[in-house]
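Features as listed in Swiss-Prot:
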BINDING   111, 115, 305  Fe cation binding site
BINDING   134, 135, 136, 137, 138, 167, 180, 277  substrate binding site
């Protein structure tokens, strides 16, 4: 079965082909980062309009890369939510229009389920059950995943997501949008011994996290350094970035290990854009190796939003496919409301 997947929940337009026998056939992606940089963040109206401009050319490019035509498709999957309403409507409209014209079914996909399942696009792929660390700009959660649609929340951030904290702290330090990846790169040249920042909720009995206070801690540190030394230079900025990243990484690693211990599981899956962070990967790899835990990541190119994860999730939910026509979007959508799937593709 060949599934075409559309992702348009925020500021990436993604299209992909997934074959239930062969795996990922092709994928195409356009990011709007440069367009939104002028405004210092995502502008929903501009995001929606850019999805409209990009989605058909990307679909054509994806089909050409895979050597397929529309007539080869068996189903179409699209991100139904959560996300920006206008952006979601673009993917939903195109998916349903194509499916209606081709007389093939559509599959509504939860964006976060796409992220949770995305490491299955790697080789080797994880087997169920596993603990998942979902860490992105909008979400930071630890979940026990027993199968498709079988998700138990073990812990989550009580305020800012880790990726959101990266972006906000980067802006505070004068880095251009999108600042999170720039902060991570700058941290690599920072001195880990120069500054220390708090590790919020590191030793709490639960598996919840909190990152909003780190921004205040960074601002306090920056203000103190500027009072003592004047405007911060590039090395000092890198040292502050390193201290910030060390704090986030230590919390994520300790909470992940706590989730593994609580569940007794021996597989950890890391998904979401922050999952591409090299220091986080290195720390998780080392900690899991000491405990004989397998750790899995999506390919680096598929850590951020993409159509491949939506096509995969759609393929694994083929039994929920339905006729095209009337459709809805869900800008807010609780992952726990998804039905379980038995015998997924």
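Quick reminder: no glycine exception, Cβ is built from N, Cα and C everywhere.
All protein chains considered, the CB of residue 167 (substrate binding site) has 23 other CB atoms within 10 Å. For residue 138 (substrate binding site), other Cβ atoms within 10 Å of its Cβ number 18. In the structure as shown, the Cβ atom of residue 277 (substrate binding site) sits within 10 Å of 26 other Cβ atoms. Of the candidate binding-site residues, 111, 115, 305, the one lying closest to residue 180 (substrate binding site) when CA atoms are compared is 305.
In this structure, residue 137 (substrate binding site) belongs to neither helix nor strand by DSSP; it is coil. Residue 111 (Fe cation binding site) sits 21 Å from residue 277 (substrate binding site), taking the C-alpha atoms as the reference points.
Whole-number maximum of the Cα to Cα distances across the substrate-binding residues 134, 135, 136, 137, 138, 167, 180, 277: 17 angstrom.
In sequence order, 112, 115, 116, 140, 141, 142, 143, 271, 272 make up the list of same-chain residues 6 or more apart from residue 134 (substrate binding site) whose Cβ falls under 8 Å from its Cβ. Taking only the Cα positions, the spacing between residue 137 (substrate binding site) and residue 305 (Fe cation binding site) is 11 angstrom.
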